[in-house]
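Trainee: Quick one: the structure is below, questions incoming.
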């Protein structure tokens, strides 16, 4: 193996580790940490939820700035800073005894998420790796990071029940700090093509608007279905343990979805696979709408989980195929701002639909099905115009 190949391999595994730890410590651990803070300090769910919602808004608004900075300077500094900020946020949480400090720590975590989640790492990957090697590297990162909830939810639960809240946060912060050191060691200081920003900055075109709408709609559908899944199944009469098992199926199905996506991309092409994935997302939601029988629910969640996993790869492929590496961070950042803002607003909107329908989940599922169909038709018409 050449030195260049070894360097790329080290880069890929470092980015994979970063995404796994960042998603696990800053995202999937959050509900468990919030409940523990509520019990320890007597805070309300509204207070802890508001802090995390504000963090997501920081992530969304910071995304374009982060993307442009990555285009300008490469990934070493920004990603290392992001991991360091994540560590600082978790260390601050460990010593938080007031809602104000708690909220400020989550605002810091929001900036860390913008610098350490998929959007940032895929930009760095696009600068350093090309062609089929990039697609395979993207798969490696998403497969490992797809285990973040599987690893960090039980780990965080065990730590909270054992050593307690502060040791848990100190350990999670130390893991983020370790990632910062690895990033500084293995991520090249700047993109190979140089650090100069293009003389003609990116201007949103028709393709960008299509992709932004499609991935915003698909994110709304997945967040809306995911957050309502267990309550929906309980409402439909399933026992809590069975409902939790179905929720686990949704997450586990994302891994084979990603694994199958790469060979399908090579065989069928990006356009065909993208249409199939978005179409199956709408189909899976429609299945939940028409029936809550065990077989239909299992089939729907398998389809939704696999499509959700594949969407991560599809988004990266479509952006790389339509935009050059020197503006990839800017494009991805601007797209991410819209997607993440929609993600932050979805729980409130879905809750409003649920209450307006008289505590009935069917209208909400109908809305999600319609949004999925809209995403498919938008992508179909948009890709047809570009071919």
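One-based numbering along the chain as shown.
Note: Cβ is positioned from N, Cα and C throughout, glycine not excepted.
Automatic, uncurated: that is what TrEMBL annotation is.
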Trainee: Between 12-29, 30-47, which stretch does TrEMBL give the note transmembrane segment?
Mentor: 12-29
Trainee: Would you mind telling me which of 189-207, 208-226 TrEMBL tags as transmembrane segment?
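Mentor: Residues 208-226 are the ones TrEMBL records as transmembrane segment.
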Trainee: Under 8 Å, at least three CB pairs between the transmembrane segment (137-157) and the transmembrane segment (49-67) (pairs 6 or more apart)?
Mentor: no
Trainee: Excluding the flanking five residues on each side, which residues at least 6 beyond the ends of the transmembrane segment (169-187) place their CB within less than 8 Å of a CB in that stretch?
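Mentor: For the transmembrane segment (169-187), the far contacts come to 7, 10-11, 14-15, 17-18, 21-22, 25-26, 29, 33, 74-76, 79-81, 83-84, 86-91, 93-94, 112, 116, 124, 156, 159.
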Trainee: Sort out for me which stretch, of 79-98, 264-290, 335-355, has the most Cβ pairs below 8 angstroms to the transmembrane segment (361-383).
Mentor: 264-290
Trainee: Are the transmembrane segment (335-355) and the transmembrane segment (296-314) near each other by the rule of at least 3 C-beta pairs under 8 angstroms (pairs 6 or more apart)?
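Mentor: Since fewer than 3 Cβ pairs under 8 Å link them, the transmembrane segment (296-314) and the transmembrane segment (335-355) do not come into contact.
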